[in-house]
Each structure stands twice: as structure tokens, then as C-alpha cells.
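S.K.: Please see the structure below; I have some questions.
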Amino acid sequence: MQRQIVNVLGNVTRQVRSNQRAFSVTPKKREIFKVQSSEDFDKKVKNSQEPVIVDFFATWCNPCKLLTPRIETIVGEQAGSIKLAKVDIDEHSELALDYDVGAVPVLMVMQNGKEVQRMVGLQDEDKIRAWVATAVKNAKQ
Amino acid sequence: MLMFKALRNSRLPRSVLLLRFASSATTTSNCKYDYDLVVLGGGSGGLACAKEAVEYGAHVLCFDFVKPTPAGTKWGVGGTCVNVGCIPKKLMHQASLLGEAVHEAVAYGWNVNDQNIKPDWKKLVKSVQDHIKSVNWVTRVDLRDKKVEYVNSIGRFVDPHTIEYIQKQGERKQLTAKYVVVAVGGRPRYPSIPGATEFGITSDDIFSYEKEPGRTLVVGAGYVGLECACFLKGLGYDPTVMVRSIVLRGFDRQMSEFLAAMMLERGIRFLNTTIPLAVERRADGKLLVKYQNTTTKTDGSDVFDTVLWAIGRKGLTEDLNLGAAGVQTYNDKIIVDHTEATNVPHIFAVGDIIYGRPELTPVAILSGRLLARRLFAGSTQLMDYTDVATTVFTPLEYSCVGMSEEMAIEKMGAENIEVFHAYYKPTEFFIPQKSVRHCYLKAVAEVSGDQKILGLHYIGPVAGEVIQGFAAALKSGLTVKTLLNTVGIHPTTAEEFTRLSITKRSGRDPTPASCCS
């Protein structure tokens, strides 16, 4: 049921985009979100039923600026089978350090509260797509 | 023996008994402290000391906290150098040099339109700040990787071994340390005149300033003031430098005057022997500054977009409650001996907070590291504060190592000194016809024997790069004989040191006739 609603929303926003309206819409509000606190992280990432990709980024990091829209698009294509949580490492430094974030951007897949995949640095779309597909496949098993 | 019996009869659990017996049987210096080393201040000196200490197995905690400026500016871990000093200064200096380079490029045949080029101040500030934030992050990761605990609070003394701090949530906490290193550095001073803090900014603010600086008054003629005025000029703004008495106090007089002349030639205005009296904001938002020329005793005023105070820096002793630890201070600085120890044997200080030492990042870093080695690795090596090379990053830079000419004359007598000097013309300056009037260097040496070199001074491009190697040579006992027998690298400006031949004493003209012979 949730998935159907989400798909309908997705169709609506695709129409919005093709009409070239001048506002931006976050297509899947529940699937892509910015982490607000460590409690928020525990609730929506560690305790999530679906796997979650955590995007550790910084506002001062140019490769991060290029990566985030790419990963958002690719996660959007997964139609709810995987979520995206964005973590600003300056706002949540302890959290980022706890997960051994050094250079950014870092993409990390969390499943059942554990890290299962990690990708460091900006990659091209095909690589990211393949990486996400692996995460989705492993989660289904 | 009696104490042991008393402990046994006290019916305490065995583990507590053992602990109490152990601590009562040993001297107080072996008492367990929470940390081997607590460092107050996460800047150049503090971090270097902390990170070196953990290499030798010490359990270390580092406090760092930035009180916002009156204008509200604050920054992350790393200290003055990383956030509001050397790093952003060098980047803005580079930005202003690149503006000049665009014009020079035209002379070299590039088809660039160099008319009316303007900098995008906001873009420059964003690029500089992005870099600084990345360094803040790398610093935090490094501290974490090296297992140095980091607390973003001010640490205050409660007693000589106890530090108190307030957590973000407001809870007061205390911890004890075997050794404490105070490395809290300094901040810019504000003058005590009306409007100073409300309307003026400092180097703490300029590198993240949201507005374009525009027509700027820089009050102060130390290297901070001169460097700021110069990069503002290079970026196309209109700076004026207000000088209380002399430029670059403490530096070689002749070279300092040359640098001021170079800045004048580039169109930077100087208000000499002038002090500010008051700053007011006008209805149109601009700042009216009233001042007095102390030589002519006349008052004046002028209107600026920005007023930047660069009148000196004060040490941050006030928040530390040093009295609770019994540490002696001199004004706002801490007095230390040749081992960086304060009057309290286990409390040390490094960096800008100490009295009477060069306030430079590499000095703080090396002294911090050597101190850590003495405390935790059994080293006996002390910090050598003599012959420290330094550079003033004006568009023609000034770098020097060793004694100024007047210091050499004072120490050894004019008759025992020989000064070799020369003007020179950098090869790259001819085509764009850049002014070489202030391209000058000199070597101050002993007059007899192989003529040990006491000081080297250079004004020109990339002065820091030129002098760095010579600093090592000076430390090794460089003589004029060796210098003049060193084959120069050609064509460079550094090779001019190997071509020195004319002495001041001879009275001959030190201007070069030709280049390669």
C-alpha cells in the first residue's frame, strides 16, 4: 500500500518535472531524508527495516555536492527498496567519526543496524548504480 | 604498620583496601591522575604537543574553544594559523598576486582582457572558508585517529592539577592531569576608543567577511596590518594604513622602510604618526573615523567602508583562572623558562601565550613537540629560539633570518660588522615592466676571518621560499666565504645571495649593471 502511494507520488512529480515548473519537489519524502540528530539516526537508520544508504557529506566539499544529486536520483529509481539518509559531518561530527569517516564523501549501506558496504569518494553514475543494485540484492536475500 | 592494621579492621572490601594501601604507601607524585597530559588550546602548539605525546604512550586530552568576536565570527579546531592567520592570509595574498599576474600575462602575449578585472569577493571568501573547514575536519579526524581526546570547551584551573570545564549541556565537570600545557594563544586587541568594538573588525573577521571590504582603513603597521592592506589593494579595494610610529617594529629598519616605500609606490596611502580617536557610523552606513597626527598635533577625519584593527595581539590568560594554579603571568602572557616550564613545575606553556618569544606557528609546533619528547620520551633537547626565519607576505615579500643590521651593530660594534648588499632585477619583471626599485637584499656578517653570517635579508618575489634554505645554512654556521663560493642557480632571484660583492662600507653603488656577468 505504501509502495503504491509512493509510486503515484513519483508519477505526479515526474509530470511536474516535465511541465518545467520552477519549483523542486522531493519525490520520495520518506525515502530520502537529512539526519537531524543521533536519536533520529538510531530510529530511521539503525532500526530501519529496509537497508539505508548513509551519505556522509560536508558543505565545504565539492565532490560531495556532485555526488548527492546522483545518489538521490539512483535511490529514487529503487522505488522504496532502499532509503537514503544524509549526514552533514560538521553538524554530526561525533556520529561521522564513530563511523570512521575521514575523507568525504562516504556512502555507507546499513542493514539491520550494521554496516555492509562502503564507498569513499565521488564515482560516476554507472558505478554508483551498480553499487546500489548490489546493496538492494543483498538485502532481499 | 599501624596504618595497615587500621585499614584491615575497617571492614572495607578487599579491592578498596588494596587500592588505599597502595596509594598510601607511595608518594603523592605517583597518585593516579585522569590524564598524563591535558593541553589547553587546540592550535599549532597545543595540537603538536598533544599528538607527539600520544606517540610515547601518554593519555592525552586537548581543550579547544573559540569565543566569538564582537562581530560574531567564530571557527573550528586548529587555532589561529589554520582559521584566521597564516592559511587564509596566504590564500588571499595568492589571490591578489594572481590579479597582478593577469596583467603581466598580457605582456607575455596572452589574449586576456585585463581591463577592469574585478575579484568576486564572496567567491574568494567561500573558497578560503571551504578550505579552512576541510582542514578543521582533517584535524578532528587526526585527533581521533591518534586517540587524543578532544573537548570543545574552555578548561579552567581549579587547583594546580585539576581542570574544570562546562559541557555543552551545561554540566560542570572536572578532571586531573599530571602535566598541563597551556597553549591558548592570543587574539587581536581593540583600541579603547569610542566605536572600536561596535564598528571595527580585525583579522579574526576579515577572512570570512560577508561584505566587500571596499575603502578600508587598516590601523596598525605590524605585519598583520601591512599584509592585510596589501592583499586588499591587490584585490582592487582602496586601503589606507594608519601608523602610530614606525612600520614593522622589531624588524630591520632599512628593510622595513623599503617595504613601506614599495607599498607607497603601489598606491597604498599611509597616515604616518597618526592615532585613531573615534569611530562613528554615518546615516549612509559608512564609518567616519576621527584621528590625530601626533607630530603636527592636527586632527583629521575620513570616511571608510571598513575599519580593520591590527594594533597588536593579547594573550588569552584571562579565562584560565591561572591564580588557582599559582602560575605567574606578565601582563597577558605566561612567563616560562628555557624548558617552557612556568613557575609551577608540572605546568608548561607553548606558542603565542608565552612572554618574549617569536609568535610564529613553526616555533609553537617545534617547541610543543620537543616539550612532549622531554616529558614522555626522556629527551633533553631544548627549543632553540634563535635565528628563526620569518616572512612578511606583502606583494614583494620580505623574508629574513638572523640579526637585523642594527642588532648586529649593537651586539658587535659597527667596526666588527660587514654588510654586503645589492639591488637586483628578476628576469621575469622585464617584459611586463614591473618595478624593481625595491628588489634588494643584504647579508650582515662578521668582518674578520671567514666572515660568519649573522643575518640575511631579502625583499622580492617568493621571499619565504628563497630564505628557507638559507635559514638551515645559517644554523650550520654559514660564512661569506662559503656563500660566495656557492654556485648560483640561474636564472633565479635566490642566486643573488651568491653574487653579493659590494659592501656598504665601500660606498659603491649596489645597483646591478647587467644580468649574467
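For all residues, glycine too, the Cβ spot is worked out from N, Cα and C.
Sharing the feature lines straight out of TrEMBL:
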ACT_SITE  B:HIS490  active site, proton acceptor
BINDING   B:LYS90, B:GLY155, B:ASP352  FAD binding site
BINDING   B:GLY220, B:ALA221, B:GLY222, B:TYR223, B:VAL224, B:GLY225, B:LEU226, B:GLU227, B:GLY312  NAD(+) binding site
DISULFID  B:CYS81-B:CYS86  disulfide bond
DOMAIN    B:35-368  domain 'FAD/NAD(P)-binding'
DOMAIN    B:388-499  domain 'Pyridine nucleotide-disulphide oxidoreductase dimerisation'
S.K.: Taking the Cβ of B:GLY155 (FAD binding site) as the centre, count every other Cβ atom within 10 Å, in any protein chain shown.
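M.R.: Other Cβ atoms within 10 Å of B:GLY155 (FAD binding site): 28.
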S.K.: Compute the C-alpha separation of B:ASP352 (FAD binding site) from B:CYS81 (disulfide bond), stating it in Å without decimals.
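M.R.: With distance taken Cα to Cα, B:CYS81 (disulfide bond) is 11 Å from B:ASP352 (FAD binding site).
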S.K.: Which whole-number value in Å describes the distance between the Cα atoms of B:GLY312 (NAD(+) binding site) and B:HIS490 (active site, proton acceptor)?
M.R.: 40
S.K.: Quick check on the domain 'Pyridine nucleotide-disulphide oxidoreductase dimerisation' (B:388-499): DSSP residue counts for helix, strand, coil, in that order please.
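M.R.: The composition, in the requested order, is 38 helix, 33 strand, 41 coil.
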S.K.: What's the CA-CA gap between B:LEU226 (NAD(+) binding site) and B:LYS90 (FAD binding site) in angstrom, rounded?
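M.R.: The Cα atom of B:LEU226 (NAD(+) binding site) is 13 Å away from the Cα atom of B:LYS90 (FAD binding site).
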S.K.: In angstrom units, rounded to an integer, how far apart are the Cα atoms of B:CYS86 (disulfide bond) and B:VAL224 (NAD(+) binding site)?
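M.R.: Each residue's Cα considered, B:CYS86 (disulfide bond) and B:VAL224 (NAD(+) binding site) end up 10 Å apart.
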S.K.: Out of B:CYS81, B:CYS86, B:VAL224, B:LEU226, which of the recorded positions has the smallest number of neighbouring Cβ atoms within 10 Å?
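M.R.: Candidates: the recorded positions B:CYS81, B:CYS86, B:VAL224, B:LEU226. Fewest Cβ atoms within 10 Å: B:CYS86.
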S.K.: Just to verify: the residue among B:GLY220, B:GLY222, B:GLY312 with the fewest other Cβ atoms within 10 Å, which of the binding-site residues is it?
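M.R.: Lowest Cβ count within 10 Å among the binding-site residues (B:GLY220, B:GLY222, B:GLY312) is B:GLY312.
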S.K.: So if I draw a 10 Å sphere around the Cβ of B:LYS90 (FAD binding site), how many other Cβ atoms end up inside it?
M.R.: 16
S.K.: If you count other Cβ atoms within 10 Å of each one's Cβ, which of the recorded positions B:ASP352, B:HIS490 has the most?
M.R.: B:ASP352
S.K.: If you take the centroid of the Cβ atoms of B:GLY220, B:ALA221, B:GLY222, B:TYR223, B:VAL224, B:GLY225, B:LEU226, B:GLU227, B:GLY312, the listed NAD(+) site, which other residues of that chain have their Cβ within 8 Å of it?
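M.R.: Other same-chain residues with Cβ inside the cutoff are B:VAL218, B:CYS228, B:LEU248, B:ALA310.
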S.K.: Which of these binding-site residues is closest to B:CYS81 (disulfide bond) if you go by CA atoms: B:GLY155, B:GLY220, B:GLY222, B:VAL224?
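M.R.: Among B:GLY155, B:GLY220, B:GLY222, B:VAL224, B:VAL224.
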S.K.: Determine, to the nearest whole angstrom, how far the Cα atom of B:VAL224 (NAD(+) binding site) is from the Cα atom of B:GLY155 (FAD binding site).
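M.R.: Per the Cα atoms, B:VAL224 (NAD(+) binding site) and B:GLY155 (FAD binding site) stand 29 Å apart.
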